[in-house]
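Peer 1: Under the heading active site, nucleophile, TrEMBL lists Cys326. Residues or ranges marked as S-adenosyl-L-methionine binding site by TrEMBL: Cys203, Ala204, Ala205, Pro206, Gly207, Asn208, Lys209, Asp227, Asp254, Asp274. Taken from TrEMBL, the feature coiled coil applies to 60-87. Per TrEMBL, the feature compositional bias 'Low complexity' maps to 396-406. Per TrEMBL, compositional bias 'Basic residues' is recorded for 422-433. Here TrEMBL flags 95-392 as domain 'SAM-dependent MTase RsmB/NOP-type'. The feature region 'Disordered' is assigned by TrEMBL to 396-433.
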Amino acid sequence: HVRQLYALVSETLRYAPVLEKLLDGAALLQAEKKLAPQLAKVLVYDLLFGKGLKCGGRWKALARRHRARLEAELARMKVRHKVSRNEDLLAPEKAVSAAVSQVPRYVRVNTLKTCVDDVIDFFKRQGYAYLGKAASVEELKALSGKKFLLDLHLPELLVFPSQTDLHDNLLYTSGHIILQDKASCIPAFLLGPVAGSHVIDACAAPGNKTSHLAAILKNKGQIFAFDVDPKRVATMNTLLTRAGVTGCQLAQQDFLTVDPRNPKYSRVTHILLDPSCSGSGMVTRGPGEEAAPSAERLQALAGFQRRVLNHALSFPALQRLVYSTCSLHQEENEDVVQAVLQEWGSAFRLVTAFPSWPCRGLPAFSGAESCLRASPAETLTSGFFVAVLERCKEGAAAPSSLPAAAKENPQPEQGMEPGAAPKKRKKKKQWMK
């Protein structure tokens with residue numbers, strides 16, 4: 001009996017996403033308000049997917065009373081997903097699991113507390129084998145065991161096999177390393193403010209990008225970080241403290257309510273904007289989460305994203321902005337950027353971000369290839385979208401593909417963005433402006 005019960009619970013958990021949708025579609029919990037959701041899932045699984053109801057009494061009678069409605073909803077689900085077998089309804093979950101398994105464990109070295117060489121030496125003393133700098137994405141895919149690489153694109157990112165668990169590692173608990181997906185590291189890297197800059201992280205929680213900005217700034221300058229949720233702000237405060245971040249003002253505030261004309265923000269030249277989105281690119285999404293939001297949901301998200309991007313561009317001293325989402329949908333990405341750029345006319349333009357990056361923006365409009373995308377299949381990261389916007393200056397040359405920090409500290413290593421540091425005279429003139 002124990003083995004049978006264990007098998008029933010395991011199968012119920014495996015079918016949990018399907019069962020939740022069945023319960024919602026058939027409105028079973030609304031009809032039977034005293035029925036606990038977990039018990040309802042077990043009953044429905046046994047009724048429609050298992051070997052028949054094993055229970056008796058009122059629970060069996062209740063399940064049979066709603067059998068026709070549940071079977072009709074199951075049939076509608078199969079039609080919507082264009083499948084004929086019950087097992088085929090599990091395919092999206094399996095696809096997510098496959099995507100998760102091939103994405104490596106990325107580790108960003110927190111340069112506020114340590115340096116890449118010291119972290120590499122630490123892991124080598126723990127028995128890990130360092131294989132040097134990766135030359136291709138294929139090398140990242142081939143990682144196994146206790147081996148790790150330096151990422152081929154980002155200079156402070158180490159790459160471990162996907163199964164590597166570092167949550168109990170001393171470097172993580174002390175804030176010397178940050179466990180952060182590679183795609184999530186790109187926005188701050190491309191924003192690249194020089195030390196001393198004033199920067200806004202508009203939708204900041206949980207704070208990984210904020211701590212990355214602080215590391216780029218070397219804790220010199222000012223970061224204004226906003227989030228409307230008090231619990232997320234508290235979590236962010238803990239994370240930033242552990243990472244050794246200073247010069248960052250946290251505010252529990254909706255960024256849309258921030259006044260761009262407030263003298264407090266008169267020196268803000270860089271904004272990182274990673275607004276709420278569908279999250280469709282996150283390979284770690286839990287089972288049962290909707291992979292494809294409705295058209296109405298996407299329209300609502302895109303409307304919010306256009307408003308917040310417009311608001312960010314209205315800060316008078318703004319020079320460079322990075323817009324990013326963890327969404328795969330064009331409506332939240334290229335369409336938002338195109339609409340806002342049209343509203344601002346010639347005031348802002350797209351920068352060709354990371355020319356060597358393999359995945360570009362969808363051809364939704366002329367110039368969309370300046371944006372970049374990331375995906376588990378092509379870049380071994382979560383799904384992501386990034387666009388870099390710069391303020392146009394009359395008579396200015398074509399915008400650089402490098403963030404300002406990269407100009408100030410050019411990196412000659414292979415895989416970094418090409419470009420030389422500007423001449424001193426030009427740098428001084430730019431600083432005076």
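Note: Cβ is positioned from N, Cα and C throughout, glycine not excepted.
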Peer 1: Rounded to the nearest angstrom, how far is the Cα of the residue listed as 'active site, nucleophile' from the Cα of Cys203 (S-adenosyl-L-methionine binding site)?
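Peer 2: The residue listed as 'active site, nucleophile' has its Cα 13 Å from the Cα of Cys203 (S-adenosyl-L-methionine binding site).
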Peer 1: List, by number or range, the same-chain residues at least 6 past the coiled coil (60-87) whose CB is under 8 A from its CB atoms?
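Peer 2: Tertiary neighbours of the coiled coil (60-87) are 18, 21-22, 25-28, 31-32, 35, 43-44, 46-49, 53.
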Peer 1: Would you kindly give the Cα-Cα distance separating the residue listed as 'active site, nucleophile' and Gly207 (S-adenosyl-L-methionine binding site), rounded to the nearest Å?
Peer 2: 15
Peer 1: Tally every other Cβ atom lying within 10 Å of the Cβ atom of Gly207 (S-adenosyl-L-methionine binding site).
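Peer 2: Counting Cβ neighbours of Gly207 (S-adenosyl-L-methionine binding site) within 10 Å gives 28.
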Peer 1: Using Cβ atoms only, which residues of the same chain lie under 8 Å from Asp254 (S-adenosyl-L-methionine binding site) while being at least 6 residues apart in sequence?
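Peer 2: In sequence order, Phe226, Val228 meet the Cβ cut-off.
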Peer 1: What is the Cβ neighbour count of Cys203 (S-adenosyl-L-methionine binding site) at a 10 Å cut-off, with all protein chains included?
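Peer 2: For Cys203 (S-adenosyl-L-methionine binding site), the 10 Å Cβ neighbour count is 20.
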Peer 1: For a quick check of understanding: given the listed S-adenosyl-L-methionine-binding residues Cys203, Ala204, Ala205, Pro206, Gly207, Asn208, Lys209, Asp227, Asp254, Asp274, what is the maximum Cα-Cα distance in angstrom, as an integer?
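Peer 2: Max span of the S-adenosyl-L-methionine binding residues, Cα based, is 19 Å.
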